[in-house]
Amino acid sequence: MPATQMPMRYGHPEGHTDVCFDDSGSCIVTCGSDGDVRIWKDLDDDDPKSINVGDRAYSCALKKGKLVTSVSNNTIQIHTFPNGAPDGILTRFTTNANHVVFNRDGAKIAAGSGDFMVKIVDVMDSSQQKTFRGHDAPVLSVSFDPKDIFLASASCDGSVKVWQISDQTCAISWPLLQKCNDVINAKSICRLAWQPESGKLLAIPVGNIIKLYRRETWRNEFDLSDNFITLPLNVVTWSPCEKYLAAGSVNGCIVVWNVETKDCMERVKHEKGYTICGLAWHPTSRQLAYTDAEGNLGLLENVCDIDGTKSSSKVSGMGNKVYSHLFDGDDDSDNADNGDFLNENMEFQLIPKGRTDYEDDEDDLMLASGYPRHRNHILEDDDSSVEVALMEKGSHCEKEEEKDEHWGSTHAVLLSTSRRPFYDGPMPSPQQKPFQSGSTPPHLTHRFMVWNSVGIIRCYNDDQDSAIDVEFHDTSIHHATHLSNTLNYTIADLSHEAILLACESTTELASKLHCLHFSSWDSSKEWTVDMPPHEDIKAICLGQGWAASATSALLLHIFSIGGVQKEVFSLPGPVVSMAGHGEQLLIAFHRGTGFDGDQCLGIQLLELGKKKKQVLHGDPLPLTRKSYLAWVGFSAEGTPCYVDSEGIVRMLNRRLGNTWTPICNTKEHCKGKSDHYWVVGIHENPQQLRCIPCKGSRFPPTLPRPAVAILSFRLPYCQIATEKGQMEEQFWRSVIFHNHLDYLSENGYEYEESTKNQTIKEQQELLMKMFALSCKLDREFRCVELAELMTQNAVNLAIKYASRSRRLILAQRLSELAVEKAAELAASLNEEEEDFRNKLNTSSTTEWSQPRVVNHKVEENNSEDSEEADEIEEKTDLHKNRQNPFCKNGSSADGPAIKSVTSSNQGRVNPFKVSASSKESTISVNPTSSNILDNMKKLSKKSTVPNRTANKEKSPVLKPLIPKPKSKQVPATNFFQACTSQTDKIVEEKKNPENSLSESPAMSAQNIENERPKTGFQMWLEENRSDILADHPDLSEEPDIIREGMNRFRMLSDEERKAWAHKAKGGATKETETKKRKEPSLDNTKQREQGNPKENLNLSKKQKTLDISTNQKLSAFAFKKD
């Protein structure tokens, strides 16, 4: 049976790591770059004992209760074991000691250092030392002869030397290795090893092969190699019985040979392909511990057969004449073994102690899970043994030649069988086992059964006690609870209403579902359901008013929260995990068999409300290559999400046909390769990914209580470092993370209207910034594309921006787009009104008449709110003496049409009322306004206040919420009328003074009343503006005119300036009223033509200096001169 590869687990930080067993094999000892020595009871030990020996540990050895380490302070230290008490310093070097080993009886140690020296020190009396000099470079490794006669050492000078211990002389030296100047530059650390009992052979890793030299003759007896090894070997070690030799390479390959037959018995590939730098056999059992250069610890079980029974049975099986019986018998047992091992292997992948990320999948699947199983495994081993036997036939001794003859009888059978065709394509991936999101592996004694946004359920399964603790984040929901776990519950879920527990069946008891309905108003708060025979619960979840369980019979049972059995239906495949939120049920299951390390999963999304429906019909679940599902659930707002083992978080995009969008990569936030984030919750508003950082593991320990970290989201958009890419990512992330508002609206849930308004405002601001950037880059086509994403109000602002930037073609395009958006809005309003009328017509007459009274009240409230808002806006001086270019006469066809749509709207806002439309339109399209996006804020507030008033008057029945229309959404073709010169407007006012007064009498009167008194300089500038322009016709900008006026005003005498100041204080109001009443002359008309636009522009400039914001900076972009 091939060796079982246990999952790797984090041992030390990145760097060289060494490993050994104690004398009895009861624990594993490792040391690493953090200077700690850790003692592991087994690979699942979550709390190994740590002994700090220095800043950095390079090597460790353990014998007879003495722990020896080589540390970064150039010393060889000794500690007691397992207490870890310091017991002194054995010896010192001038540089770091790279390797230290015990002799067979543990009385002496040998160490090789970077100062080219090798020392042997007596453990009991450190003064007795022997130093061996002869290497010309740092020493890589040393190895004691079990008879204490010789000592072997390898060095960076390329030589391997064997020393005579008694006289400290070099017995033999072989130039086998590649030369280098330091250990860190060596291609291999060349951990050589003697046979542990007899010491007849010395194994030396040289490149891709192992050379074995016979004792005393120092002759190269034979070499061991395998095609599986592609890079140099790093370390070798003998089994305690001397029959097997294991080696690890720099690319993570571990190979085990039978030294007698020279057969390759095991081939295992590291999960990540990291360098194997430590290798140790268990002293009694068939285990092989190994460490890599990233600080991880691994374990191989069932390695070969220490007693040699496997090889003998293997040989007898080969000699059997009935060759088919060999495969028939093995196939049956293999199928059972394979099935068990697939489950075990997948369980390890779900137990995130190490890194089982399906990398190097072909090697993992063909080696760690069995190589193409016994049949091909035997054939390949025998073929390699035949090749070795043929190569070494002439050089072996008499005994080995007899072995070759014995094996020669099976050559014909082996070669003929190897020509049979065998499958060499993609290998199937082991199916992921079911799991509960937010839980840690069930084999742990202390574990999390679930950690979600409601609370935490912990399970303690000690020898003395087995209990479950329930803790709520919000204690107002329920107090903490302690439960006994006599039935060995392994699955749990927690909601605001109940605690749900489940256990698997035993030989005596059936699988049970246990619910603690703590929110029940009666005294009976618990119920239990037994599953049918041979049906185990694999996954459970809780929703609002319901509970669900998926079983091994591919059935899903739905219960009410009180214990009533409801629907039951079949699942398309074995369940992987489930999650519930409100009325939504999310099910992940196996759609089929994945290949090359991939999982083939499907997803179902059901709504279990009054109108039950299936949203996702078993669609494929996208996963990262060679990954598996690690967490599945809902955001706090109810959007389905999931996380895979590679740390990619995906969210359902309902607007894009229920597709999955990656929103975060937790690996980008990890500092180390072995670090992970354990997700516990997702929030869309605010945008937060709540998770627990795990150092060197995939899940946190129960104690101490882990701290929750908050990660930010980022969509994988291109060119994220540029300003354009950042704004695009922010915009679409805002769109995706606020899709839940539309879902809540469509399903009749309540939500804050201010949240949606604020979201729309942020999105429109981003679009306006991207629009301005595209204009700056002369990307007018891109500007139109961005405008298609804007609301009509933002399109009107974009038209104004394009016009001020002298992009008339772009402004015309945007004007056409604004007309289309206005038509679409009117059509949608008509459709909604018709639907609303149809619903009301189906109700009784009393139901119709009652809301109409409410409607009158709401309209009165709306009119009062609008009047108050008008008074607030009239107090501002942003838009003085400006006529609304979008305003229409009362006889216009558009006005009554909009009125008719909203007049009968029950309890809704009427944003197109005549009393407010003129002022709102003035704010939205005023060409000289410097506060563009702030106006959007005013309008959103204005439309929100009546809406809240109306909601108070509504009936409690939830209805879909629709966006509220804005009164300023009028055809944008009138914009060019607003862009005409001031002369035409004033002439028009002269010809039709009654019309102009009738359109906005209140506005003009209030503007006169609220106008600020002018300064003396302003009054002087108004009278002398024409003279300044006549003397300097090249002055086109208002700041230049003001600057020239200031220079002339300073040249006046003090008496003249005081007179102008007194005139401004005393007669400003009277003069203004006189100017408004009397008929202007032709000269005054010309002066207004030139002065008024500049004056208003000047006022806007002053306002900009008073209140500078980001929105004003964006709007002021149009004033910049090319």
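Glycine is no exception: its Cβ is also placed from the backbone N, Cα and C atoms.
Because TrEMBL annotations are produced automatically, they should be read as predictions rather than curated entries.
According to TrEMBL, the repeat 'WD' annotation covers 9-41 (among others). Note on the repeat 'WD' (9-41): its mean pLDDT in the predicted model is 91.
According to TrEMBL, the repeat 'WD' annotation covers 132-173 (among others).
Residues or ranges marked as repeat 'WD' by TrEMBL: 236-267 (among others). Residue counts for the repeat 'WD' (236-267) under DSSP (helix as H, G, I; strand as E, B; rest coil) come to 0 helix, 20 strand, 12 coil.
What TrEMBL records for 830-931 (among others) is region 'Disordered'.
Marked as compositional bias 'Polar residues' by TrEMBL: 839-849 (among others).
Positions annotated as compositional bias 'Acidic residues' by TrEMBL: 861-874.
Among the features that TrEMBL reports, compositional bias 'Polar residues' is placed at 883-892 (among others).
Per TrEMBL, the feature compositional bias 'Polar residues' maps to 915-931 (among others).
Taken from TrEMBL, the feature region 'Disordered' covers 985-1015 (among others).
Sequence annotations record features per position, and here TrEMBL assigns compositional bias 'Polar residues' to 994-1008 (among others).
The domain 'HMG box' annotation in TrEMBL covers 1010-1086.
The DNA-binding region annotation in TrEMBL covers 1010-1086.
The feature region 'Disordered' is assigned by TrEMBL to 1057-1122 (among others).
Sequence annotations record features per position, and here TrEMBL assigns compositional bias 'Basic and acidic residues' to 1068-1092.
Under the heading compositional bias 'Polar residues', TrEMBL lists 1093-1114 (among others).
Long-range Cβ contacts of the repeat 'WD' (132-173) within its own chain (Cβ-Cβ under 8 Å, at least 6 residues beyond either end) map to 95, 98-104, 108, 110-120, 179-183, 185-186, 188-199, 202, 204, 215, 218. Taking DSSP states H, G and I as helix and E and B as strand, the repeat 'WD' (9-41) has 0 helix, 15 strand, 18 coil. Residue counts for the repeat 'WD' (132-173) under DSSP, helix first, then strand, then coil, are 0 helix, 25 strand, 17 coil.
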